[in-house]
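Comments concern the structure below.
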Amino acid sequence: PRSASYLCPGAGRGPSGGKAAPASAAMEEAVTNTSTTTEGTFCLHQVAVTESSEDDYQYEEVPTDDDFSLQEGDEDLAKALYTMQEQAVDAQIMAQQPSQTAKHSLSETPEVVDDFLCNFLIRMGMNRTLDCFQTEWYEMMQRGLLESKDIGFVPDAYTCNQQLERENKYLKKEMESFKFAANKAKELLLKVQKERDFHRMHHKRVVQEKNRLINDIKRLKTHYASYEPMLRQLKEKYETLLREKMLTSLERDRAVGQITGLQATLQSLESGSNIHIPVTRAGHRCEREDGIEGPSQRAVREAREQKVCSGVNPYDPAKDPTKQIGKRYPKDSDFPEDIQVNPYLARAKECVRPLKSGIYRLSNTLKVHDLAVSCLALHPRKDIVVTGSDDRLWKMWAFPNGNIIMKGEGHTDWLSGCCFHPSGTKLVTSSGDTTVRIWDFTKGGCILTLEGHSYAAWDCSWHSCGDFVASASMDKTSKVWDLNSERCRYTLRGHKDSVNSIEFLPFSNIILTSSADKTLSLWDARTGLCAQTFCGHMHSCNHATFNMKGDTIVSCDSYGVLKLWDIRKGAPMVSIDAGPHPGNHVTFDPSGHIVALASNDGTVKTLELKSGQLSSLLGHEDEVQSVIFDHKAEHLISGGSDGTVRIWN
């Protein structure tokens, strides 16, 4: 049997409801109406309801609409219409809010406070307390002492527990994160402390080293201070010895001059002549005194030559004190006799077949340098070319295939000129770093650096004997260098502006120079004196060269004018205007019939001397800086500012 508790019909309110005693909605509404109109006592009865067997019970299906059917005896048209209207309104409400109905049907409403207390007292079996509570509670409600806002709901313990559990988990998670951050900060703190200790120790060590170095510096200063008196004494001794050396040198030169005069006097006495040879003091004399000869000196020299020619006394210029120029060094080289024959003239005869200046065509282009190719040099016997560039390098190439053989570096500025040794085993280069360098191919490097120019060296040339090198410079001078004594033998002074090119006449002691002062000059390398000057250019002369025979000079200037000079006449034979762009380099072919000009307009101009035909070879992308012919005039080689060498055949 099931037990159920409920209030009597006379009570003010129905059963306490909820989980303890559920009841139908109609009964609950009736009890509520009764409790609001009358006051009476309340009592609680407990009855036992036996579960009857439902096997023999006859169920009848009740339609859904029967809930709204009228009771017997209440059939009325007005009530029927009212009932139908309510059904229609309810159907519309159910259709509009199906989800809300389902949602509200699933929601759980917390228990009211009085229901919670009643259920608690029933569960604990406190019936008298329950009676007293219900009596007093409903009396207060009937009297209006309790309002709906004062009657709250009992909070759900499970919901509160879940909320508290979530808060607990959240707080634990935050605690773990704070703990992790604290551990990480602790590790960082330990690391920073270690670094602090390390840097503190390092700082102490640095301070100790600094103090030690300061003490060492002080000790060294004290030590070096004691050397100053000693250095002063050594300097005084050096100056004294230098003065003594100079005096000794002067005395030696005076003695040499006296001995030379005595020897000349003895020779004249032995020959039975009365020629008086003045005894002069030999020594270091300036080149201006050596180079300039006054009227009296010229008359004395002519008189001596006449006496020598008359057979009175054979005159030896080497023993003439007036011809002694400066001090001779033990390793100085002797200039060869100026009566040699040029062996390359036979090669020139092989090329006498007439050539036309316009027959050259571009056959090969070699990218040899990153910067401009400033100079070219041809090997004396082989098909090998050396190129110098603004990238401070020189390179040796085999042509026409263009295979690189060797390269050299050592100059600190651009290269301006290069020339092969007559044997082909060495090379001389001039540079913007004011030096001239000698390179030995067998040793694979620079063997000698000649310093003496005050400005950039523009060009260089090798003597046919191989012992002398000539260089031209922007400092308005040219120099003749002796490679055996490794010194400057002569400084050629006379040009009034930069000397742009220099060249030895093959197998001769004659030097040709061209200058920005619009002149060309011929010099005697043995004396350093100017023998002849060619005037005729209206602009700066950039380059000049001999033909193979050595009787003609071709020159070019900064306005592209070509001039051919007859050495014997000293005047221009032909003048060709190949401008207005400057001519940078000019050369003869071996036969001397064609002249090639490297022009600043990016072309190579060729001039046929017999016909006067001037042609232009197009191919370079920038200025052409240098041009040369090969040994048989079958190829023309040009170098330009585009870093290429172009071969024409």
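Using N, Cα and C of the backbone, Cβ positions are placed for all residues, glycine too.
Automated prediction, rather than curation, is the source of TrEMBL annotations.
Remember, predicted model here, so these are calculated numbers, not experimental data.
Per TrEMBL, the feature region 'Disordered' maps to 1-22 (among others).
Residues annotated as region 'Disordered' in TrEMBL: 312-332 (among others).
Here TrEMBL flags 366-407 (among others) as repeat 'WD'. Panel annotation: around the repeat 'WD' (366-407), residues 413-420, 422-424, 427, 429, 431, 439, 441, 444, 622-623, 625-631, 635, 637-647, 649 of the same chain, lying at least six beyond its termini, place a Cβ under 8 Å from a Cβ of the stretch.
Taken from TrEMBL, the feature repeat 'WD' covers 408-449 (among others). Remote same-chain partners of the repeat 'WD' (408-449), defined as residues 6 or more beyond its termini with a Cβ less than 8 Å from a stretch Cβ, comprise 371, 374-382, 384, 386-396, 455-462, 464-466, 469, 471-473, 481, 483, 486, 501.
Residues annotated as repeat 'WD' in TrEMBL: 450-491 (among others). Sequence-distant contacts of the repeat 'WD' (450-491) (same chain, at least 6 residues past either end, Cβ-Cβ under 8 Å): 287, 329-333, 335-336, 340, 413, 416-423, 426, 428-438, 497-504, 506-509, 511, 513, 515, 523, 525, 527-528.
Across the repeat 'WD' (492-533), the DSSP tally of helix, strand and coil residues reads 0 helix, 25 strand, 17 coil. The annotation repeat 'WD' is assigned in TrEMBL to 492-533 (among others).
What TrEMBL lists as repeat 'WD' is 534-575 (among others). Broken down by DSSP into helix, strand and coil, the repeat 'WD' (534-575) contains 0 helix, 25 strand, 17 coil.
Sequence annotations record features per position, and here TrEMBL assigns repeat 'WD' to 617-649 (among others). Long-range contacts of the repeat 'WD' (617-649) within the same chain: residues 347, 350-351, 355, 360-378, 381, 383, 385, 387, 389, 397, 399-400, 402, 584-591, 594, 596-606, each at least 6 residues beyond the stretch ends and with a Cβ under 8 Å from a Cβ of the stretch.
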Reported mean pLDDT - the repeat 'WD' (366-407): 91
